[in-house]
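Features of the protein shown, as given by Swiss-Prot:
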- Asp156: active site, proton acceptor (ACT_SITE)
- Leu45, Gly46, Arg47, Gly48, Lys49, Tyr50, Ser51, Glu52, Val53, Lys68: ATP binding site (BINDING)
- Thr344: phosphothreonine (MOD_RES)
- Thr360: phosphothreonine (MOD_RES)
- Ser362: phosphoserine (MOD_RES)
- Ser370: phosphoserine (MOD_RES)
- 36-41: region 'Interaction with beta subunit' (REGION)
Amino acid sequence: MSGPVPSRARVYTDVNTHRPREYWDYESHVVEWGNQDDYQLVRKLGRGKYSEVFEAINITNNEKVVVKILKPVKKKKIKREIKILENLRGGPNIITLADIVKDPVSRTPALVFEHVNNTDFKQLYQTLTDYDIRFYMYEILKALDYCHSMGIMHRDVKPHNVMIDHEHRKLRLIDWGLAEFYHPGQEYNVRVASRYFKGPELLVDYQMYDYSLDMWSLGCMLASMIFRKEPFFHGHDNYDQLVRIAKVLGTEDLYDYIDKYNIELDPRFNDILGRHSRKRWERFVHSENQHLVSPEALDFLDKLLRYDHQSRLTAREAMEHPYFYTVVKDQARMSSAGMAGGSTPVSSANMMSGISSVPTPSPLGPLAGSPVIAAANSLGIPVPAAAGAQQ
């Protein structure tokens, strides 16, 4: 065996090659720390693998913010997240990093973000119309095309990491803790993304992946929204996850994929993969979801959920798909009328301070997938008694 066949991204391949080293060399990044006394924690919003997330108040201007207190992980990983957030700041639909503070006692870093009045996705996704799905998918694509153009893969695209303020039709792509700089020919860790959204490349242990990983995850989100099946590929473990995919996309194309890249499949798959035909997308349509499905939706989905990462649409190609024609037309009309609401990043003043325009923001839904720590008061900030009570 000569090893796997190398692969390079079809777009934005050499972005980081043409940037100065300090752009992508996050290990050398010097973090500028803000003042932790500027923030008062209000209540806990959620916890994840790598962090705890709180709603807080910036007491210098009385604005709501979100504070993500990082668990003690490798300094390198924290620096990577910070550098990526700083590089992407101001980009369309990218969550804005407003400040970085550190508790002087515990030395635990905390990231301060603009506040988004989020609706929990499990409730929201059941209420979205066909147009809503197109609209929000297009908004995610703006964020993905931007980060890809900046040489960055998100690597954890999933509903929990998409904050939607439905009332204001505002969307933000959050949690850049697993994001990484793309360098052609580099082999990456396949232990990224959440199981239901892991691309086949991760499941077959192909390490030379690229931005197209995010497009698979987006395809999984689209399928779950239009078919009202959450998650769409429901594997019980990483091996079963590939089996669930093969039962839809078929085993023939899977074997073509592993042959093309000379991938050696884990012997554990021998007993569980079986032989499956490729299913037509129409078979997932029923009376409860047919109002969300159209020929262009199925065509778009088909062009995202491909085994071969090089065959998937890029974010920019996806934005040009007929599925988005109505959204593009509406946004063009609104921007010519000077009112392109949710389609553009909020003003930089608003970004730095959180969204002040919402008079009485309702509570953020739990950030269930967010990265987290045990010490509720690790910022050394007085926390109201109820702050840790609400999950």
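Keep in mind that glycine also has a Cβ here, set from the backbone N, Cα and C atoms.
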Subject >> Neighbour count (Cβ, 10 Å) for Arg47 (ATP binding site) >> reply: 21
Original post:
When DSSP states are folded down to helix, strand and coil, where does the residue listed as 'active site, proton acceptor' land?
Top reply: coil
**OP:** Give the three-state DSSP assignment (helix, strand or coil) for Leu45 (ATP binding site).
**Re:** strand
Subject >> ATP binding residues Leu45, Gly46, Arg47, Gly48, Lys49, Tyr50, Ser51, Glu52, Val53, Lys68: largest Cα-Cα distance, in Å and rounded to whole number >> reply: 14
**OP:** Mind giving me a neighbour count for Ser51 (ATP binding site)? Other Cβ atoms within 10 Å of its Cβ, every protein chain shown.
**Re:** 26
**OP:** Express the distance between the Cα positions of Lys49 (ATP binding site) and Asp156 (active site, proton acceptor) as a whole number of Å.
**Re:** 13
**OP:** Out of Leu45, Ser51, Val53, point to the one nearest the residue listed as 'active site, proton acceptor' in space (Cα versus Cα); all of them are binding-site residues in the record.
**Re:** Ser51
Original post:
Counting other Cβ atoms within 10 Å of each Cβ, which of the binding-site residues Leu45, Val53 scores lowest?
Top reply: Leu45
Original post:
In this structure, which of the recorded positions Lys49, Asp156 has the fewest other Cβ atoms within 10 Å of its Cβ?
Top reply: Lys49
